[in-house]
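The next block holds one structure in the form of structure tokens; read it before the comments.
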Amino acid sequence: TWCWLWLWSPSCSSRRWQALVVILCLLKLSSVSGQARYSIPEEQAEGSFVGNIARDLGLDVARLISGKARIITKGSRQYVDLNQDKGTLVIKERIDREELCGKTTPCSFSFEVILENPIQLYRVTVEVIDINDNSPSFPKDEINLKIAENAASGTRFSLESADDPDVGINDIQKYTLKPSDNFKLEVQSQPDGGRFIEMVLQTPLDREKEETHTLVLIASDGGEPHRSGTVRIHITVLDANDNAPVCSQPVYKADVKENSPEGTVVTAVSATDADKGVNGEVTFSIAHVAKEAKQLFAVNVKTGEIKVTGKLDFEKSKTYQLNVQASDHGGFTDTCKVIVQVIDENDNIPTIQLMSFSNSISEDSPPGTTIAVVNVDDEDSDGNGIVKCSINSDVPFKIESSLTGYYTIVTDNFLDRESVPDYNITITVSDQGSPPLTSSKNINVKVSDVNDNPPKFSQSEYSKTVPENNSPGFSVFTLSASDADWGQNARVSYFLEEKEINGLAVSSLVSVNSENGVVHAVRSLDYEQIKWFDFNVTARDAGSPPLSSVATVRIIVQDQNDNPPQVLYPVQTGGSMVAEMVPRSADVGYLVTKVVAVDVDSGQNAWLSYKLQKATDRALFEVGSQNGEIRTIRQVSDKDAVKQRLSVIVEDNGQPSRSATVIVNVAVADSFPEVLSEFSDFPHDKEYNDNLTFYLVLALAVVSFLFITCLVVIISVKMYRWRQSRILYHSNLPVIPYYPPRYSDTLGTTGTLQHVYNYEVCRTTDSRKSDMKYMQPMSQSLVSVDGDGTDAQQLEKQLSGNCSQMSTLVSDKLIPCFSLL
Ligand SMILES: *[C@@H]1O[C@H](CO)[C@@H](O)[C@H](O)[C@H]1NC(C)=O
Ligand SMILES: *[C@@H]1O[C@H](CO)[C@@H](O)[C@H](O)[C@H]1NC(C)=O
């Protein structure tokens with residue numbers, strides 16, 4: 001043991017310790033013939049001297065040769081060779097200690113030297129001494145590390161240690177890290193002799209400052225000269241999200257029109273983040289805003305573009321403040337304020353609201369009556385919200401502004417339901433936007449009825465003709481009055497106004513149906529009694545108060561030929577005999593007498609014609625067909641019988657015609673006695689004559705009276721008309737008497753009255769009405785004339801009623817009074 005220790009003593013010089021070792025070791029070797037020990041540094045060149053074995057083993061060179069000394073090696077490699085001639089050992093093969101022993105120390109190999117004759121065995125041990133022939137080396141040239149910038153101080157990063165095959169002092173002695181700003185090196189020895197190297201972060205890294213670091217780790221050994229190995233450590237600082245995004249502008253302002261379509265870009269916000277990559281990615285979102293705003297705007301997560309997503313309504317909100325949050329993935333945020341101003345658009349149609357409205361207005365409302373109160377409104381602002389209200393101009397209404405936004409519609413004129421029953425009023429409002437928006441509303445105003453129109457007859461006077469002898473209940477005609485009003489105000493009822501006609505109540509003649517205005521005749525009318533009559537009918541509506549109007553109805557009774565002619569003269573007496581005297585000296589055309597007949601009918605029905613029906617001597621007499629005059633048609637001769645009997649038929653012109661027959665007795669004689677003798681068969685002849693004389697006197701007196709009366713009347717009428725004609729001379733229309741052609745008078749005027757006179761007397765006054773006036777009383781008195789007995793009293797009445805008849809009667813026997821006129 002001591003031997004090894006000694007050998008290791010570094011202070012020994014190689015030569016000295018070689019010898020010492022051999023000696024001492026030989027002493028110890030007893031099993032083998034001898035042994036030697038050498039120590040050589042590694043990496044000696046081939047042939048380098050190892051040791052003098054001959055000397056060290058006490059053998060001479062000859063012995064070596066004779067004994068055929070040779071080396072026996074156990075292993076495959078033989079590092080050392082024996083030089084027999086010199087008895088030295090030399091390097092046969094380069095020895096690499098690291099290869100031979102690795103890290104084992106001390107490092108030696110042994111071999112035997114064998115000699116024959118006699119066999120001698122010597123052990124030689126060669127110790128290989130390390131030299132610093134290897135540098136420390138790292139497994140890799142470069143180490144790449146990625147360290148997050150937010151790695152805490154004290155974080156350790158283990159590094160691979162370097163390796164140096166050399167041993168001892170030549171092995172790695174220390175490690176150094178450069179530069180050492182951020183890291184320091186900690187080296188720990190391990191039980192197995194290895195080193196555990198760690199890099200410890202001392203100062204935090206900041207990617208934003210320096211993104212990469214390059215360090216060099218140096219491993220140095222203790223050999224002479226020093227050898228070292230290096231490894232470059234590349235450190236990439238990994239970004240940590242340590243920077244918050246920052247908005248480019250603290251406040252963004254933007255204007256956007258209301259009603260902008262969805263997708264309209266309002267503005268775009270931007271933000272920067274100093275971090276890199278994902279950590280530098282900024283996303284945007286809208287935060288901390290009212291719910292409505294959140295629905296109206298959206299921000300693009302990536303670009304920060306703010307778009308409209310809903311319907312912006314200026315009228316709801318004029319500004320919105322959006323807080324757009326810019327955030328990175330690490331949760332760092334910044335808030336960009338966006339103030340959005342909504343610009344008003346004319347998007348609200350003005351509204352019209354009827355606050356109060358009566359759809360019916362009385363037609364008697366005075367101008368200025370309010371019919372409606374209207375409220376108009378426009379939600380827009382400024383000009384877009386200023387409204388103007390108007391109504392159509394073709395109605396009698398006007399619109400007036402009252403309070404702001406309130407208008408009243410009032411009547412502008414008087415209304416008349418009968419001309420315009422309703423009005424359509426169009427209320428139009430328009431604002432002052434561009435283009436302006438308008439809206440309109442129609443209201444219908446009904447004009448309610450007031451009873452302001454009386455019923456109106458189609459004519460104010462009606463004239464209807466009813467044939468006499470009508471059946472009772474005969475419907476004459478229908479009155480009709482219209483009323484322009486409405487409903488009850490237009491319901492017309494008809495009322496007959498009571499009055500008296502010839503002592504008869506009008507209601508006993510006619511009736512009027514109050515509902516439908518039909519005029520009925522109540523009884524059968526008689527022309528001979530009533531020729532016409534007037535009555536008033538009132539049409540009254542059912543309004544309150546009722547209005548009415550009156551129409552005058554004239555009913556004209558139409559004559560029918562219902563009365564036969566009545567013979568007035570010659571009077572038909574029952575017993576007595578009346579005869580006309582004709583002197584035998586009478587000429588041709590001598591007027592014997594005149595048959596006087598009347599017909600109470602009128603017109604054609606009263607036109608009478610006379611015909612000779614029977615005669616004793618047809619050749620002697622003729623009857624004037626129109627005037628009833630009986631004249632001689634030839635000279636009377638002595639041969640003619642005294643007693644002549646003529647039968648004259650009087651016919652009217654009605655359809656069918658009615659007739660009456662009269663017997664005329666004519667006495668052809670020159671003296672009364674002759675006549676009497678002839679008519680002696682008449683017992684009351686004398687009495688008759690007395691009576692006749694009396695009647696004639698009486699008649700004369702009456703006629704005279706009547707004549708004077710007529711005269712007075714005519715003169716006064718003439719006077720009156722003369723005065724009238726001076727004022728208005730046209731008014732006196734000439735009266736043209738009417739004669740049917742066949743009645744025209746063809747006869748001469750010898751001793752007779754002309755028709756002209758006969759009729760003109762009573763018709764001179766201005767119309768045919770007068771005829772009726774004169775005739776009327778007579779018609780009443782004629783009722784009993786039809787009978788057989790002639791009453792002087794009645795005759796008087798008849799005569800007094802009929803001037804014309806009278807005049808004709810008188811003209812024969814007496815002074816033709818009217819011819820004088
Ligand atoms: C009012 O309008 C209604 C319906 O549009 C129409 O029937 C009526 O005739 C109109 N009235 C007037 C007076 O124009
Ligand atoms: C009808 O009435 C008017 C006045 O209303 C009156 O003048 C006239 O005489 C009346 N006529 C008749 C036939 O009653």
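Easy rule for this one: first residue shown is 1, then count along the chain.
Using N, Cα and C of the backbone, Cβ positions are placed for all residues, glycine too.
Under the heading domain 'Cadherin', TrEMBL lists 33-138, 139-247, 248-352, 353-457, 458-567, 582-679. Annotation source TrEMBL lists signal peptide at 1-34. Sequence annotations record features per position, and here TrEMBL assigns transmembrane segment to 692-717.
Across the domain 'Cadherin' (458-567), the prediction's mean pLDDT works out to 92.
Of the two recorded stretches, the domain 'Cadherin' (458-567) lies close to the domain 'Cadherin' (582-679), with three or more CB pairs under 8 Å once pairs fewer than 6 apart in sequence are set aside. The residues of the domain 'Cadherin' (582-679), classed with DSSP into helix (H, G, I), strand (E, B) and coil, number 11 helix, 43 strand, 44 coil. DSSP places the residues of the domain 'Cadherin' (139-247) in helix, strand and coil in these numbers: 3 helix, 56 strand, 50 coil. Residues of the domain 'Cadherin' (33-138) grouped by DSSP class, helix first, strand second and coil last, total 15 helix, 43 strand, 48 coil.
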